[in-house]
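Step one of this worksheet: look at the structure below.
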Amino acid sequence: VPPPLTPPPNPSLRLFPRRYRGLTLVLTFLCYTSYHLSRKPISIVKSQLHPNCSALGPNPRNDSNSSTWCSWAPFDGDNYKELFGALDNAFLVAYAIGMFISGIFGERLPLRYYLAGGMVLSGLFTALFGLGYFWDIHVLWYFIIVQVCNGLVQTTGWPAVVACVGNWFGKGKRGLIMGIWNSHTSVGNILGSLIAGAWVSSAWGLSFVVPGIIIAAVGIVCFFFLVEYPEDVGCSPPLHHDAGGVTSNEKDPEGVTSNEGPLSISGQSSTDRSDSPKEPVEEPEAISFLGALRIPGVVEFSLCLLFAKLVSYTFLYWLPLYIVNVAHFSAKEAGDLSTLFDVGGILGGIFAGLISDYTGGRATTCCVMLVVAAPMLFLYNHVGQNGIGTSIAMLIVCGALVNGPYALITTAVSADLGTHESLKGNAKALSTVTAIIDGTGSVGAALGPLLAGLISPTGWNNVFYMLIAADVLACLLLARVVVKEVRGWCGCIARKRGYVRT
């Protein structure tokens, strides 16, 4: 009996891996842009919760002579700064604690469901904060509880999107791709500021309700169109680590090919696979929290990110005030100048990813940028305010050096460690490893602004000394990994020379 005829492979199917990779990048970019878009309104609305009432004219309330008649209770007292700080810390502390738990759930639940559900809940709690305006709520605990709940559910975002991107992209170009992709943070901050600013003066509740609707809508789109794994659509997974001295597939740098191609990752032809019976494949177990900590490099990069994120978030929350107090710019000019730090961060993330891809040294790239960042922070504090041109240049340079390592660790490094060769192909670690690294960094994100608030009354010089010390500590924590990378380079050079001699 002649064998059954198999239809010729469809050439268009070979384009599927590239299309799915592009779709994954776009969807995850939009997802985390919407996360940051929904976090930004609180910083915009603060000025409306406790504005300068004397600038609005006489008090229309005849029964009160209070100078805070236009403020929103309970933020109308003299302790309004402490209350705003409580709102920020409620979100940041809940986010830091929830991040360690989020990755564990992310490995055990479908990423598409987990991410979409987290985005819908994030939209709900973001909108609930704004609904306090329409419901005329003046109880502090309502806003605190909403912030805590929002901080917890927003931890679903980062582990899930990094895991999705890591599932589709191999190690070869991961640093550059994720460096560009990581600009979603700044894009979300900018869009969040514009959207929140559109309603902050007329009805500040809409500054939260509209972003809440946007993130929930993007979550629904993600639920219907996001593809978690290449295997789900008949594509082979990428090469996540070196195999036999080969860093990547020469024909396909990302190592993702259609199953209709000549060879799959297992080395079998598509015809052989279609004729042979499919054996049930045992699903690998999700890695435990302690198991993730045992992966080489996870502890070092997590602690490094703690101090790197401390520096980054201190600039995020305190830079505009520093520019107003030291350079004596207006509040609007200080706000515009502070965005240049984010611009530098985008450039630094791309540069760090490109260099780390070329050299293969993620830790060395981070360490060098952190070493250079320390003296640049010192210079910015002493000469960065001598002129508008100097301020612009120093802000971009400092933003690149501070946020470059931060962006590299939270993206490419997290994906590398989550697909480490010690896992023997088990892909059930990406979300947990990402959550551990970013959760540890979030502790620094909460500590940085808090320490700056405590130290700033003693002088801005002391704040910058604290930031420089944090940069140095972040660098020292990577020393062991840097030594290992340098030894690896020396070994490669020695092998190449030995090969030439023979």
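Cβ coordinates come from backbone N, Cα and C, glycine included.
Per TrEMBL, compositional bias 'Basic and acidic residues' is recorded for 244-254.
Positions annotated as compositional bias 'Polar residues' by TrEMBL: 256-271.
Feature annotation from TrEMBL assigns domain 'Major facilitator superfamily (MFS) profile' to 27-487.
Feature annotation from TrEMBL assigns region 'Disordered' to 244-280.
Summarising the annotation, TrEMBL assigns transmembrane segment to 83-106 (among others).
As annotated by TrEMBL, transmembrane segment applies to 113-135 (among others).
The transmembrane segment annotation in TrEMBL covers 141-169 (among others). Long-range contacts of the transmembrane segment (141-169) within the same chain, counting only residues at least 6 positions beyond its ends with a Cβ under 8 Å from a Cβ of the stretch, are 20-21, 24-25, 28, 31-32, 35, 38-39, 42, 86-87, 90-95, 97-99, 101-103, 106, 111, 114-115, 117-119, 121-122, 125-126, 128-129, 132, 177-178, 181, 226, 228-230, 237-238, 240, 254, 256, 410-411, 414-415, 418-419, 427, 430-432, 434-435, 438-439.
What TrEMBL lists as transmembrane segment is 181-200 (among others).
Annotated transmembrane segment per TrEMBL: 206-227 (among others), in sequence order.
The transmembrane segment annotation in TrEMBL covers 298-319 (among others).
Within its own chain, the transmembrane segment (339-356) is flanked in space by residues 174-180, 182-183, 185-186, 189-190, 312, 315, 319, 362, 365-366, 369, 392, 395-408, 411-412, which lie at least six positions past its ends and keep a Cβ under 8 Å from the stretch. Here TrEMBL flags 339-356 (among others) as transmembrane segment.
Annotation comment: TrEMBL describes 363-380 (among others) as transmembrane segment.
Through the fold, the transmembrane segment (392-417) approaches residues 158, 162, 165-166, 169, 171, 174-175, 178-179, 181-182, 240-241, 295, 297-298, 301, 304-305, 308-309, 311-312, 315, 337-338, 340-345, 347-349, 351-353, 356, 362, 365-366, 369-370, 372-373, 376-377, 379-380, 383-384, 430, 433-434, 437-438, 441, 471, 474 of its own chain, all at least 6 residues removed from its boundaries and within a Cβ separation under 8 Å. The transmembrane segment feature in TrEMBL is assigned to 392-417 (among others).
The transmembrane segment feature in TrEMBL is assigned to 429-451 (among others).
The feature transmembrane segment is assigned by TrEMBL to 463-483 (among others).
Two recorded stretches are said to be in contact when at least 3 C-beta pairs lie under 8 angstroms, sequence spacing 6 or more; the transmembrane segment (298-319) and the transmembrane segment (181-200) fall short of this definition. Below 8 angstroms of C-beta separation, residues 20, 23-24, 27-28, 30-31, 34-35, 37-38, 40-41, 44-45, 111-113, 115-120, 122-131, 164, 192, 195-200, 233 of the same chain, each at least six residues beyond the ends of the transmembrane segment (206-227), sit close to that stretch.
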